[in-house]
Amino acid sequence: LLLRWRRRRGLWRKVAEAQERQERSLVRMETAVQRFREQNPSVNVVSILSLPLPELSKKLRDGSLPLDHVFYSYVSKAVQITTETNCITEYLQESESQLRKVKLTGKQGLLYGVPVSIKDSIDCQGHDSTMGFIKNLNKPAAEDSVVVQVLRRQGAIPFVKTNVPQSLISYDCKNLLFGQTRNPLLYTRTPGGSSGGEGALIGGGGSILGIGTDVGGSLRFPAAFCGVCALKPTGNRLSKRGILSGVVGQKAVAAAVGPLAKDVESLALCMRALLCEDMFSLDSTVPPLPFNEEVYSSTQPLRIGYYETDFFTMPSPAMRRAVRETKQLLEEAGHTLVPFELTNVDYVIFNFCVRGMFADGGTSFVKKFNGELEKGSTGLFFWLAKSPEWLKTLLSWIAKPFVPRFSGIIGNMRANTVSEVWSLHHEIEDFCHQFIAQWKKLNLDVMLCPMLGPALGIGYPGKLSVAVSYTMLYNALDFPAGVVPVTTVTDEDEDELKDYKGYYRDWWDRTLAKAFGGNVGMPVAVQCVALPWQEELCLRFMKEVETL
C-alpha cells in the first residue's frame, strides 16, 4: 500500500508539472505579444484576424502584410481563446525563430507566414505527443511528423499544440493532464473530439488553420460543434507518419489526417499545399496525386444522393431541417438530388467498427491505461474490454431483448481469432464494393448526409458512444467526408425535441434527447461525401453548399 501510495503521488506530481508547463506556455505567449505590441502599437489586429486565409496568404506573399503582424495577432487571439476554453496544451516557442528564418529566406510556399495549430497527437520535434496519458510526458518527438515537415516547407508556422481526450477514443475533449476544453460558442457544451482543442481554437478565431485526425468523426465533430469546416480525406491521401493513433495497428476503421478552418476555400488551400512533391518523397506510401484544380473549380451541375437519417441514431429536428433546407437550395441552384437508401447501419457500427477496432477483445486498448490515474471518458469501452469473455457473452445474451444496442456492443467486444479478423476485413471490403455499386447505379457524384448536432453538453459524449454512427460509417468505408455549418438551432427545433423518442427508445435515446436540448442559436452542419480519392470533388461540393 505504501509503495502504491508513493507511486500515485509520483504520478500526481507529473500531472502538476504538465499543468505548470501549460501555464508557462501561456505566460510566454502573453510576454511575446506584449513585447510586440510595445514595439508596434499601431498594428490593426482586428482587421488582420478578419481576413480569410486565401486573402491573408496573398497579402503575406506580396508583402502588403508583414509576417510578424499576422503571427503575433494570432498568438494574441489564441491566448484569449485558450483562457476562455482551455484548448492549448503547449506553445511551440521555436515558432518565433522560425518566423525570423522564413522572413530571411524569403522562400514563398503556398502557406508562407501562415500560423497553424497542431493537434496534440501529431509529432512536432522537441515536444510531447501525450494523447492525455501521463506515461507520454517528457518524451519529446525526435522529429516532426511528415505533415508538419511539409507545412514548414510550404512556409507555414506551427505555433501551438491543442488538447485532446485521453486515448483519442472519444468525441469529448478532456484528460487529467490538461483538463476539459470548452466550446467557444457556449462554455457548457463540448467542443467535440478528439480534435477538440483544434475545433475550439479555430471556432473562437485563435487559429486560421489547424491539422487534426479522424477515426470516427474526430475532425468532423469539433468542426460541426464549433461552427467551422473540416475535411476527413481518404485514409492514405495525406501521410500519417509521425502521428499517434488511438488503437495502433487496426485496419478495419480507416484513420485520416486532415485540416480544419473557418471556410472551405481555406481547406482547399491547405490540401493544395500538402499534396506536393515534398509529401510524396517524404512518405512514398502516399499515392502521388497532386491537387486536381480542374475538378475543384468545375461548375458542372452535380448529381447528389441524400438521406435524412441512418435509422440508427434518430436525427435531432435541427439535423433533419439542415439536410432538407440544403437539399432545396441545391435543387434551386440546378443540381439533381436523388434519395439514397441507407441500410444495416447497426451492423456496420457493431460488426465492423466496434469489432474491428477492438478485435483483440480490447486488450491493447486496456494496456494503454496501465499505470494511469484515470480512464478518461471511455468508461463503457474500458469496462467491457476488461471483462472476461464469458461475462461479455452472458451480458450480451441477457441484454438483447431489452437493450439490443448495448447487447450489440458487448457481443462484438470479444477477442477474435486471426481467421475471424481476416474474414472481417474481407466482409468490410465486400460492403464497400456494394455501397459503391449502389452509388454508381444511381449515377451519383457526391452525397449529402446529416451530421450529429448541435453540440452536446460537456460529459455527454462519454455516455453516448453510439451517436457516432453518422460519421463512423465513412471511416469504415474510407470515403472522404467534410462538414459545413449551414444553420443554427431555432426555438421551433427546441420545441420539436419534446417529441424526440429515438428508434430504440432505450436509455441512450433518452439521454441523447436531453443532450440535444438548450442549444438555440448553436450551429448545425451537414456532411458532404465523395468516393475514395475524390477529395477535390468533395471540397467542390462543400464549397457549393457553403455558397448557397
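Residue positions begin at 1 at the first shown residue.
Each residue, glycine too, has its Cβ placed from N, Cα and C.
The active site, charge relay system annotation in TrEMBL covers LYS119 (among others).
Remark: SER194 (active site, charge relay system) has LYS119, SER121, VAL164, PRO165, LEU168, ILE169, SER170, TYR171, CYS173, GLY212, THR213, VAL215, SER218, GLY246 as non-local neighbours, by Cβ distance under 8 Å and separation of at least 6 in sequence. Under the heading active site, charge relay system, TrEMBL lists SER194 (among others).
For SER218, the entry in TrEMBL reads active site, acyl-ester intermediate. The Cβ neighbour count for SER218 (active site, acyl-ester intermediate), using a 10 Å radius over every protein chain in view, is 34.
Look at TrEMBL and you will find LEU168, SER194, VAL215, GLY216, GLY217, SER218 tagged as substrate binding site.
Residues or ranges marked as domain 'Amidase' by TrEMBL: 73-539.
LYS119 (active site, charge relay system) is surrounded by 29 other CB atoms, counting those within 10 A of its CB over all protein chains shown. Apart from LEU168, SER194, VAL215, GLY216, GLY217, SER218, the substrate site neighbourhood in this chain, defined by C-beta within 8 angstroms of the site C-beta centre, holds ILE169, SER170, TYR171, GLY193, SER195, THR213, ASP214, LEU219, PHE221, GLY246, ALA255.
Whole-number maximum of the Cα to Cα distances across the substrate-binding residues LEU168, SER194, VAL215, GLY216, GLY217, SER218: 11 angstrom. Cβ environment of GLY216 (substrate binding site): ILE169, TYR171, VAL253, CYS353, VAL468, THR471, MET472, ASN475 lie under 8 Å away, each six or more residues apart in the same chain.
Of all the binding-site residues listed (LEU168, VAL215), LEU168 sits in the most crowded Cβ setting, with the most other Cβ atoms within 10 Å.
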